[in-house]
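Database features (Swiss-Prot):
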TOPO_DOM  1-163  topological domain 'Cytoplasmic'
REGION    1-74  region 'Disordered'
TRANSMEM  164-184  transmembrane segment
TOPO_DOM  185-1045  topological domain 'Extracellular'
CARBOHYD  Asn226  N-linked glycosylation site
CARBOHYD  Asn234  N-linked glycosylation site
CARBOHYD  Asn402  N-linked glycosylation site
CARBOHYD  Asn473  N-linked glycosylation site
CARBOHYD  Asn512  N-linked glycosylation site
CARBOHYD  Asn577  N-linked glycosylation site
CARBOHYD  Asn893  N-linked glycosylation site
CARBOHYD  Asn902  N-linked glycosylation site
CARBOHYD  Asn988  N-linked glycosylation site
Amino acid sequence: MAPPDSTHGGSFRDHLKTNDRSSTSKGKQRYAPLHEAIPEEISSFRSPSEYADADTDSDSDHENSGSYQLRPVDRYGSHHSSAFIPVIRDDGGVETYLDSITEAEQELLSASKQYDLFDDDDSDDLDSDEEATLRYKLKDRLKRRRARLQAWPPVKYARIWWRTLLAVIVTLAVVVWGFLSFAVSHREEPKVWPMVPSDSWFPSPKGGTLKHWEESYKKAQSLVRNMTLVEKVNITTGIGWQMGLCVGNTGLRFADHVSAFPAGITTGSTWNRELMRERGVAMGREARLKGVNVLLGPSMGPLGMMPAGGRNWEGFGSDPVLQAVAAAETIRGIQSNGVMATAKHFVMNEQEHFRQPFEWGIPTALSSNVGDRALHEVFAWPFAESIRADVASVMCSYQMVNNSHACENSKLLNGILKDELGFQGFVQSDWLAQRSGINSVLGGLDMSMPGDGLHWVDGKSLWGSELTRAVLNTSVPVERLNDMVTRIVAAWYHLGQDTWERPPPEGNGGPNFSSWTNDKVGWLHTGSNDGSYAVVNHYVDAQGTGPEAHSIIARKVAAEGTVLLKNVDRTLPLSRNASSPSGGILRVGIYGDDAGPASGPNACPDRGCNQGTLATGWGSGTVEFPYLVSPIEALESAWSTEIESTAYLRNAVMPADAVDKDLCLVFVNADSGEGYISAGGIHGDRNDLFLQKGGDTLVRTVASNCGGGQGKTVIVIHAVGPVVMESWIDLPGVHAVLLSNLPGQESGNALMDVLFGEVDASGRLPYTIGKSLEDYGPGAQVLYEPNAPVPQADFLDALYIDYRHFDRYNITPRFEFGFGLSYTTFELSDLSISPLQRKSRSPPPRPADAVAPPVYDTSLPDPASALFPTGFQPIFKYIYPYLSNLDGTAPRNYSFYPKGYNETQSPSPAGGGAGGHPALYEEMVSVKLQVSNTGDRKGQEVVQLYVSFPPDVTEEGDWVEVDSDADKTGEKQRERMKIEFPERVLRNFTKIELEPSERREVQMTLSRKDLSYWSTREQNWVMPEGKFQIWVGRSSRDLPLMGEY
């Protein structure tokens, strides 16, 4: 989710008011969201020469570039970045542009088609005459735009026109010949996706088909069948931003007396399933004590395809299996408290740039374009495991997927999530990710959050009263609304929230805190300021006490999530009784802004700045820190003997500051976050993978001068993701490197645990650290500038994410995926592989639904029953399901349904259970080995299991004509298509703790799905014939054991 911080709500509302052509300041072209921007842009279209004069602040370097400058307005009303869009100079270009903005299920010209039902000023729909008028005006504007282009003066050709013409003809012939030759000899998937909508999948499958949800759906059916129309609509639509008391994410955002746990990326670095679940338990417990029903996490999208992606740190790592295991364990932990977890963001939310149009001044969000196989094998894999973990809610993402908005993408929500993966809970939108009314209902969205439509806090919802109207006039089938409501209510019953004990203090069971004020008394509806004042904060401490204190699990996760990357001559662990090599007092230097508390952890809203020690990224995935133990504070009491320490809590130091030190501790970081915040020149996504704030220079300066070249330098990195460290990692002065990721409130304490060896260095990398950003491949680069009116991010090689790409192209990383040193040593031996079932190509036929979904009366009520009750006084900007009048409630022949709406799809053969066909999760192989601690310390080893698929796998392709004798007619046969696989893929892992000389057996299993690939032709998981190679080791490139199956 990405709402603006409450402390800046006024500024953001001011921006919304001014984000309009009629109120732009001279020389600053402002762009409103699509449904406003397109008609106005068309009506005021100017030639390129006019554009050249339009922006008095344009960069002179671009005066003749054929581009004009868009200046996006951010939430604070300031200009942080510019996007250059090519000017359309010919009629064909205009036609192409207009075609592009009218595709994608009628999304991009939604002002004339989609929002006629859902974008009103006074809760009134446009009647049919107004609709016709709007469409007529729009078409007229388009005609006038083309006419102006055709009226441009013709180009005066030079006298050498014939030479130019000849050159053009020759060039075209060469290009055509080359293209045809390439097409014949190189039959592959196209390297760009055409800008066409995603496949359609209708109707939206009904919930209540799985046995373990049966009781919950029965209870829900009993309740829903007695609800009125407006009561049903009320459940599906949020009440509006800041209209309630709370908003929550990873932890409890904007709440008092809650814990700031280590980030997801730190949790993934533990590779410890038990800790993953314990962290989830603690998070769910705090939500329960604060009266929160739904926790908006965990995040498993972004997956980390782009190492510079701004929100990667909220997830658990750049591998679908690691991400899936951590997400599933977190969900089980959260929901063990009766709190609903939310699997987000479904799906392909891999970058922050252009995720929302109003954040970047573009017509609509970018499209993440991905193939069916990569979608299943990489990006949807964690969501499938989350559904197997019984997650109650899934959040759809901001951007488009294959040019259809994720929150109305019927293929994703209906076809994959609800049918194939058997999701029984409800789909909620990310905050303001809903971009249409009817299409989102039919496309599979069940709950609109926070209820606002296209703008924050404007009181206009795409659903609310407009959904009531759409059901009454039959634009939306009432049975679809019934399923939406039933899914939500069934999830409430499924988590036992109907029997919740009311959280302290005794009250109505709702939130006992306000996200919008720290005062005891405050507004009940902050977004309205309607005068409703009450006690809103009861200051309930949810952090636990004594042995149940959540700080304990936070510290454990932070410590086990710390990765030891380098350790020359056992520099670490440090001794608490250390002395100088000369026998005197140890002289310690502490360097870097990242070591200190600076202005405190909550100095910037939503942690939207990089100051002091970095303990979390920024954005809606953060919390208000109850405290933060910085490294410098923890170091003050770290030694048991007297030492001489000097702190330089800045990143600019002189060589002389290090020459007299025996030990130099350098603290550096790299930060990023959600796209609605820009900090330090970073607009959500990182600009590169280097350390920030001069960190690389700081490391080189200290490491080259510590002790005059005789001292030892230890580097501690706090980072949101991979950091390129080539400029200093091999310096002889760099003796040890610790990657502490984002450790949360117990940062300093957890670091001391590892630094001084109280716990083993047992973290392992959840991603690959390359030697440059380019090492990750062209498909892993953030799209920083729009490449089309609707930015297109093509995930052409998404099957080869992270270490898979390095393996594919034999690129040597600095530190591979899964890498991490320990303070002891381990040996893996005695691998044995045992089949548990016979191989078979495909799962058996899809099982029938275990339970029939609820059935309701679909008759419509009297429209008058949906009017505001007599004498009712609405709260300003609060979202209601009631109608203010009966306009547009008569049944109508609605004709703007998305493409494919009238085509019923067949159930997926890969479905039939939670997470997919039950047979996919049957164990096929047992893998056993012995693990021995061969060192002199207790330690933990992460045993990682990888699979290589058989070579030369093929499947039937298209029909092709085969050569035949001259006297015979031609014949056709299916060609065989070669199926490519990554060199190896992670499929299982476990973490084991051993005493010195201890030896223990480890057993892991592989499921059918682990040994299958997604066949785009068969639309099912297929286990290929041939021998699989099964690798076991310590990282993706340290795999001493291999066997075959």
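Heads up, residue numbers simply count up from 1 along the chain you see.
In case you wondered, yes, glycine gets a Cβ from its N, Cα and C as well.
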Inset, instruction - Give me the non-local Cβ neighbours of Asn577 (N-linked glycosylation site): same chain, 6+ apart in sequence, Cβ-Cβ under 8 Å, ordered along the sequence. - result: Trp639, Ser640, Thr641
Legend entry - 10 Å Cα neighbourhood of Asn473 (N-linked glycosylation site): matching glycosylation sites from Asn226, Asn234, Asn402, Asn902: none
Inset, instruction - Translate the DSSP assignment of Asn402 (N-linked glycosylation site) into the three-state scheme. - result: coil
Legend entry - Integer mean pLDDT for the topological domain 'Extracellular' (185-1045): 95
Legend entry - Other C-beta atoms that fall within 10 angstroms of the C-beta of Asn902 (N-linked glycosylation site): 9
Inset, instruction - Restricting to the same chain and to sequence separations of six or more, state which residues have a Cβ under 8 Å from that of Asn988 (N-linked glycosylation site). - result: Val321, Val927, Gln944, Leu945, Met1004, Thr1005, Leu1006, Asp1010
Legend entry - Asn226 (N-linked glycosylation site) and Asn234 (N-linked glycosylation site), distance between Cα atoms, whole Å: 14
Inset, instruction - Rounded to the nearest Å, what's the C-alpha distance separating Asn512 (N-linked glycosylation site) and Asn893 (N-linked glycosylation site)? Just drop the number here, would you? - result: 47
Legend entry - Number of Cβ atoms other than its own within 10 Å, given for Asn226 (N-linked glycosylation site): 8
Legend entry - Rounded inter-Cα distance in Å - Asn226 (N-linked glycosylation site), Asn902 (N-linked glycosylation site): 30
Inset, instruction - Could you round the CA separation between Asn893 (N-linked glycosylation site) and Asn402 (N-linked glycosylation site) to a whole angstrom and send it over? - result: 29
Inset, instruction - Give the three-state DSSP assignment (helix, strand or coil) for Asn512 (N-linked glycosylation site). - result: coil
Inset, instruction - Note down the number of other Cβ atoms within 10 Å of the Cβ of Asn402 (N-linked glycosylation site), including every protein chain shown. - result: 24
Legend entry - Spatial separation of Asn402 (N-linked glycosylation site) from Asn902 (N-linked glycosylation site) - C-alpha basis, Å: 21
Inset, instruction - Within 10 Å of each Cβ, count the other Cβ atoms, then let me know which of the glycosylation sites Asn234, Asn512 comes out lowest. - result: Asn234
